[in-house]
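These features come from Swiss-Prot:
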LIPID     2  N-myristoyl glycine
MOD_RES   5  phosphoserine
BINDING   24-31, 48, 67-71, 126-129, 159-161  GTP binding site
BINDING   31, 48  Mg(2+) binding site
């Protein structure tokens, strides 16, 4: 087999599909993050009623991202989307300190879910462009992330608005797609 035929075969190989669940409290920036990933306009975003799905190509993967609304009345329905999740991305509004306890509680409950057991989790400490944003290290400490032992995890500072840190987080996602512990 010549080099050209090997290259053709590699080029025609289908991307590995990855199911990503994008969760977090309302107003954390999930939809802005999703639109930033898809290189879409982020100037007119309204609260998500239900869910959005987008497919994004990245590093040989087809990332199917499910963005589920974070309003309190929608959260009980999150579990309907757990099945076959490869990566969980949890978005936190780093500037909304009064909701850290609530967001920490929701994240802890997600990490206890059987259908999400061992699923790698990326926590985006979003809105780092705001002066009042808590650093990712402070959030990690406050949420006791260091106690997570049953899966690979990462906390990533980002600003969905400016795009800063988003690609770093997605690089981690692509590196850890197959890290789901059995």
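Cβ coordinates are placed from backbone N, Cα and C, and glycine is handled just like the others.
Sequence features annotated in Swiss-Prot and their locations in the structure.
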| residue | record | DSSP (3 states) |
| --- | --- | --- |
| 24 | GTP binding site | strand |
| 30 | GTP binding site | helix |
| 48 | Mg(2+) binding site | coil |
| 67 | GTP binding site | strand |
| 127 | GTP binding site | coil |
| 159 | GTP binding site | coil |
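Here the binding-site residues are 24, 27, 30, 67, 159, and the one whose Cβ sees the fewest other Cβ atoms within 10 Å is 27.
Here the Cα atom of residue 24 (GTP binding site) is found 10 Å from that of residue 31 (Mg(2+) binding site). Rounded to a whole number, the distance between the Cα atoms of residue 48 (Mg(2+) binding site) and residue 30 (GTP binding site) is 9 Å. Cα of residue 70 (GTP binding site) to Cα of residue 31 (Mg(2+) binding site): a distance of 10 Å.
Counting only same-chain residues at least 6 apart in sequence, those with a Cβ under 8 Å from the Cβ of residue 127 (GTP binding site) are 29, 93, 94, 95, 96, 133, 159, 160, 161. Between residue 48 (Mg(2+) binding site) and residue 27 (GTP binding site), the C-alpha separation comes to 9 Å.
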